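Residues or ranges marked as domain 'Nodulin-like' in TrEMBL: 13-246. Sequence annotations record features per position, and here TrEMBL assigns transmembrane segment to 96-122, 134-156, 162-181, 202-220, 226-251, 323-344, 356-378, 390-409, 415-436, 448-473, 493-516. What TrEMBL lists as domain 'NFD4 C-terminal' is 311-522.
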Amino acid sequence: MFPWQFLTSPAGKWLGFVTAIWVQAISGNNYTFSNYSHALKSLMALTQLQLNNLSVAKDVGKAFGLLSGLASDLEGLIGYGVQWLVVSQRISPLPYWQMCIFMCMGGNSTTWMNTAVLVTCMRNFANNRGPVSGILKGYVGLSTAIFTDLCTALFSSNPSKFLLMLAVVPAIVCLTAVLFLKETEPASTPSEQKQEAKFFRAFDVIAIAVAVYLLAFDITGTHGHVLSLAFVIGLAVLLAMPLGVPLYTFLYTPSGTEPSCHNDDIEHQIKEPLLAKIGAPIEKPPEIQNSNEGINLRNVVGKRQPLIGEDHTIIEMVQTFDFWILFFSFLCGVGTGMCVMNNMAQMGLALGYHDVSIFVSLTSIWGFFGRIVSGLASEYYIGKCGTPRPLWNAAAEVLMALGFIAMASALPGSFYIGSILVGMGYGVLLTITVPVASELFGLKYYGLLYNILILNLPLGSFLFSGLLAGLLYDAQATSTSGGGTTCVGPHCYMLVFVIMAIACMLGLALDVLLAFRTKNVYAKIYESKKRTTTTLRPHS
């Protein structure tokens, strides 16, 4: 009876969140392209434009959850498995168009599960969307460093072994999440909300410990066999530590099961507009409110264009000016970030670095810090003074622009600084955009909304990596005997970095505009959180 009691108790909700963390910790496989791209380029004698278009095919796969559940796991086994066969030279290099298909399959493999995990957790913990987004997206940021450092410790950064890990590990982890992650009722009482906040602080501490542990491994240079094995064991222990939260909940929660609730109540909570839901008082609010507040009026006025902060259908959402501001500002940031991650190997080689794994890890780890800090800080400042969350995206665009300028300068150590700044900014953008979208357009159709927003990943990859970086690199490069191209020197990517810095400045302007246009929405969220804080305070 113990497993069933565990799953049906409040601990089951937290066990689902832990499996969600594990899924996110292996969902960054799309950001690891630089670890094996040079091997692909050499084996297939590709130009930089051809190589970058392979990365675009990978990112196109990430944007569409074509297959669900176990089928998506099988897709990953096939997609990365074929790449492993090519890189390990067990089979001859496939025709270019076939490699594009398998790259797309590999990129698509975790998309469905990634979306399902994020949407489920945003609904299960609707009162803590910033921390939830920060933690989950933080582990996505760490996943690149986790894979890279595990491969370094176990296989001496062998690209074929790295691809074998990408084929096998995500399938196993996603199977675990299928068994344990489910949609449950959000916290509804002050004591439950207080407990949630406490547990999320514990998850933050564990995540930071994982990041520091990975960073320490990266900056301490080469390691012997014994030390590398000790690192792997220590990392496994740290990744298992979140299990302490559901175990504690099961052992120390007086009630063995969750508070009873009706399915209708759960559906009502999910479909309720965001601003009516966050921090709502115990008694039901009036059904009719002032039209300027934009809450619960849809029942009265019938069909009309919903106001920002209410649930939008996809058609209603794309008819708003605010959606397109968010979409294009996100494109400026994630498109340029994807360009760096896809071209990190060639950028490092052009600047004279023969091993770029340290830069891949730095981008990943500092991306984690950007994600975790922005999730916590944005939630704190909304509750403290109603600071519009898009302002954090604006700050991220500044960080990335500074990072690109540092990379363009090609000064000693500037590529390290640029990798850190770009990683941080990219992490902030991915984390902040998730709750911003739910706060402006609601949770009812959030799964579709999220998938529309991440169309920016393949679009940005195509524009900035496939076209901009590929064409400008090949224009500076010399041809190799096998038909590929190579370029060495700071001039190879200097113009690319400058153009991407300008794009980030455009994103900055759009984010500031969105913050100005949505300040009333965040003022209402601030008032809602103030009411919640008042309710949580013990009465004298």
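From the backbone N, Cα and C atoms, a Cβ is placed for every residue, glycine too.
With a threshold of 8 Å between CB atoms, the same-chain residues lying at least 6 positions outside the transmembrane segment (493-516) that come near it are 322, 325-326, 328-333, 335-336, 339-340, 343, 346-347, 350, 388-391, 393-394, 397-398, 400-401, 404-405, 407-408, 410, 425, 464, 468-469, 472-473.
Residues 28, 31-32, 34-35, 130-135, 137-145, 148-149, 152, 157, 204, 207-208, 211, 214-215, 218, 340-341, 344-345, 347-349, 387, 389, 392, 396, 399, 415-416, 419-428, 430-432, 435 of the same chain sit 6 or more residues outside the transmembrane segment (356-378) yet have a Cβ under 8 Å from a Cβ within it.
Long-range contacts of the transmembrane segment (162-181) within its own chain (CB-CB distance under 8 A, at least 6 residues past either end) are made by residues 7, 12, 15-17, 19-20, 22-23, 25-27, 29, 32, 35-36, 69-70, 72-74, 76-77, 79-81, 83-84, 87-88, 106, 109-110, 113, 116-117, 120, 147-148, 150-151, 155.
Per-residue pLDDT, averaged along the domain 'Nodulin-like' (13-246), amounts to 84 for this model.
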